[in-house]
Amino acid sequence: MIYYVIALFVIAIDQISKWLIVKNMELGTSIPIIDNVLYITSHRNRGAAWGILENKMWFFYIITVVFVVFIVFYMKKYAKTDKLLGISLGLILGGAIGNFIDRVFRQEVVDFIHVYIFSYNYPVFNIADSALCIGVVLIIIQTLLEGKKTKE
């Protein structure tokens, strides 16, 4: 199924990018891409977004396995008839597994995309995080559009 290919693509790009960061950058160093907007910054996270639940690896292992099983089940049941849902779930699955790999093999997640949005120093993130967020946003958009169609 194409949605699993999307997940594998996300995992591959995520892991390759993280490997490049670990091998080529000292922890804490930063390379400006667009001054005051976008940087590549070598960072590690032992928790979830914004460092929430730091050092609770077993919690993340269990939650991720349950979540991945749920996503695969949901993909098998609903993605056959809904392409956008399948793409969204493929992105979410790839992102979840990408960060899970880091937690299992590194006991931390490698983050490196550092963005300043209107001078707000946004937490450093990675490709897996981006895929998760894009997948969730697509599901929200689809849900809103379907709700609008139902009302009409």
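Quick reminder: no glycine exception, Cβ is built from N, Cα and C everywhere.
Within the set 22-42, 85-105, the record from Swiss-Prot flags 85-105 under the feature transmembrane segment. Cβ atoms under 8 Å from those of the transmembrane segment (124-144) belong to residues 10-11, 13-14, 17-18, 41, 43, 45, 49, 84-85, 87-92, 94-99, 102, 109-114 of the same chain, restricted to positions at least 6 beyond its ends. The two recorded residues D129 (active site) and D111 (active site) have their Cα atoms spaced 9 Å from each other.
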